[in-house]
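Structure first, commentary second.
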Amino acid sequence: MSDDSIQAHLRGVDEDPEETAEWREAFASVLEQAGPARARYLLDQLSHLARTPAVGWEPPRGTPYVNSIPIERQPVYPGDLAIEERLASIIRWNALAMVVRANKAYGELGGHIASYASAADLFEVGFNHFFRARRDGFGGDLVFYQAHSAPGVYARAFLDGRLSETDLGHYRQEITAAGKGVQGLSSYPHPWLMPDFWQFPTGSMGIGPISSIYQARFMRYLKHRGLLDTHGRKVWGVFGDGEMDEPESMSALTLAAREGLDNLIWVVNCNLQRLDGPVRSNGRIIDELEALFSGAGWHVIKLVWGSDWDGLFARDKEGVIAQTFANTVDGQFQTFAAKDGRYNREHFFGQNPALAALAQGLTDEQIDRLKRGGHDLVKIHAAYHEAANALGRPVVILAQTKKGYGMGEAGQGRMTTHQQKKLEREDLIAFRNRFNLPLSDEQAESLAFLRPDDDSPEMQYLHARRAALGGHMPSRAVSAPAVRVPEAARYAEFALRADGKEMSTTMAFVRMLGNLLKDQELGPRVVPIVADEARTFGMANLFRQVGIYSRVGQMYEPEDIGSVLSYREAQDGQILEEGISEAGAVSSWVSAATSYSVHGVAMLPFYIYYSMFGFQRIGDLIWAAADQRARGFLLGATAGRTTLGGEGLQHQDGHSVLMAAAVPNCRTYDPAFAGEFAVILDHGMRQMLEHQEDVFYYVTLMNENYAQPSLPEGVESDIVKGMYRYAAADGTASVRLVGSGTILREVIAAAELLKSDWGVNSEIWSATSFSELEREAREVQRWNRLHPEAPESRTSHVEHCLAGDLPVVAASDYLRAWPQLIAPYLSARFTALGTDGFGRSDTRVALRSFFEVDRYHVVLAALDAMADRGEIDRAKCAEAIRKYGIDPEAGVPWRA
């Protein structure tokens, strides 16, 4: 090829128009004579040839800015369009009225009008034709509702009779409502606050998308393991285009495609606006998302323009509309949305004579009413129908809408529309007129809620459609029966009667887990979850025992097939091996932990991970798990800032227990010994599976091997409460030493040094949970404060254990703030030792000395407390510093 030819190609010049025309005619003939399937086949063959190095061709990343489904492929609409449009208008009004009412009464409450205004039709087609409720023999579809559209979901529930006008009048006033004995409505979907209504929390952007993927995958897991027939059920997610910028929204797209999740459908409401302005002002978000999703292996359906555009496209023989769309960015599309028909005639259709000619027969009002795809019931239904019948891969519908649709000058397409919470009289009347609502001026101004009579065609239609789909949604039900938990001796006898055997608490957990998996009743419900660290935690033996879940089984011969630790994948495998994705692993954990309510099948998930990469890395997902009342175990392995040793600053965890303590329904424990862990495990399983309490457990596990004592008699209840006396003083005690986790062993050694070197007797207490101690003490303190005339005040467990003024020294492998949680409830002098500061690489001995939590610093803290009380001379403290080689001039650890 000559240089001139190369340059011509680069400029897009057609050197042989006649040949090009022949190719076009041949392709058109195939399409007409043999149909789309044959045409696609030929294109696939040509693209395969074109991708050879000799040609170097790459396919375009997107398709024209038009609907994916042509008019000839649209199914007949199955409903009554007129009634559905009237219902949608009524629901729009009630959603708007609810938010504006609340903010007129209390301007601080907030709320959102514009998001639901853009998504109303997307929801209504789903509610009327696709979202199926749970009923006998069918588990129902799962729907993740766009959080900012919650007012519209409430407004629909008002029409179907599940919410009253009083309920709507207490939108975002939950405490006030409770004081009146009525129900308040939460700001966003929150199962914790509305446990019979919402299933999934979606208020934190990105949490809904990743959660929906793993819920869809967990449905397949249940099916392949023979635990539940989930055939035919769908997971729908309605999300925003701005939300797609969240890493969690995008991070699991390839997993959904790899797993072939054709039970998953996303509807991305592309109203082109986020809170502050356009999502992609100088580009097009729909084009960008199309490339991302198709590249990840999803089936993409573009729902861009409504039926009003069909006639224009049909008359446009030269393709000038599509070409103009291709040259228009989202910032301009937003401006078109905010302006009226006259402006759009001049600035869109007026860009060239061919476009102007196409619009010649339209009035300005007709141009103003040209709908985008996400506002056209027929087009939406066509997209949903194709998505619901797609096979082999997940589907995303990219639906273009106008933010604040129908709000006119008050908000449609405006930069500030997301913050619009109050409307003036003229705006309300204009909205009424726009949607032909049967409201007087006075009713519109007073924001009267609109509910047709029960015998009206609209109400009968609404109930009939939901009856056909199984009942009203959203709805959350808890129907899973209790599950029997085996006695601890059956799976943890080796830990309860350890008799000094050496092991780490991680090793003890893995052994208990293996035994639980063998239990006939509970075993199948256990879901072990790892993020590519099973071998690190000594779990490789489970690969062969229960297998790693894979939807296709094992299509290869593993390299280690002859080993007892062979990497075995199976379609009915039990382990969820999530690779290096803590967000994915915890999303799987949430799916299993909520199965009791989502599917009516109680499961028991154990997610074990590096403790540093839990609450700190994926805390938002864990908070959402708490909101949806998850039940299961999170296991922070390699825990403790000095216990992990050489891994250093990024890996050494000194604060996960404090972060966990901030989650109200999370029970946090830091056991030192395998026997303590066995008690906590037994208690947790009984609370969640037998008593069906909406709690979950975070338990730290260590990788340090040491001698494990047998569990003392009768301490089980105290372990659960958070503290028990490990050893009484040999004589009269002068100090109480408290330790948690591995640092309890330093406390035990310190007690021996105090006795042998200084003649000081001490009590030793094991604190399995400072946060549980503090929670109970806080409740007791509150009760006493609110009951000043009660015959007797109450005493908390920690006050009972550490009563009196005997000095207390408490040490842990975490920040000092962890043991200091209990300090306000004690009358004794309290000293907390901890690992504040950045971790670093070295031996455990060196690290514990550096952070001043080793036995010698515990001894010094005890002597210092005694000196303060005048029980010993301060010279003893100086002597101890010299004796144990403590450097009094060493730098402060938390500043180093």
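Each residue, glycine too, has its Cβ placed from N, Cα and C.
Site annotation (TrEMBL, ligand Mg(2+)) includes Asn271, Gln273; from Asp241, Asp245, Asp262, Asp287, the additional listed residue is Asp241. Assigned with DSSP, the residues of the domain 'Transketolase-like C-terminal' (722-854) fall into helix, strand and coil as follows: 52 helix, 24 strand, 57 coil.
According to DSSP, the domain 'Transketolase N-terminal' (228-309) comprises 29 helix, 21 strand, 32 coil. Fewest other C-beta atoms within 10 Å: among the binding-site residues Asp241, Asn271, Gln273, that description fits Asp241.
Model confidence over the domain 'Pyruvate dehydrogenase E1 component middle' (497-709) stands at 96, taken as the mean pLDDT rounded to a whole number. Note: the Mg(2+) site is recorded as Asp241, Asn271, Gln273; in the same chain, Ser118, Gly240, Gly242, Asn269, Cys270, Leu272, Arg274, Pro278, Val279, Ile285, Thr401, Lys403 also have Cβ atoms within 8 Å of that site's Cβ centroid.
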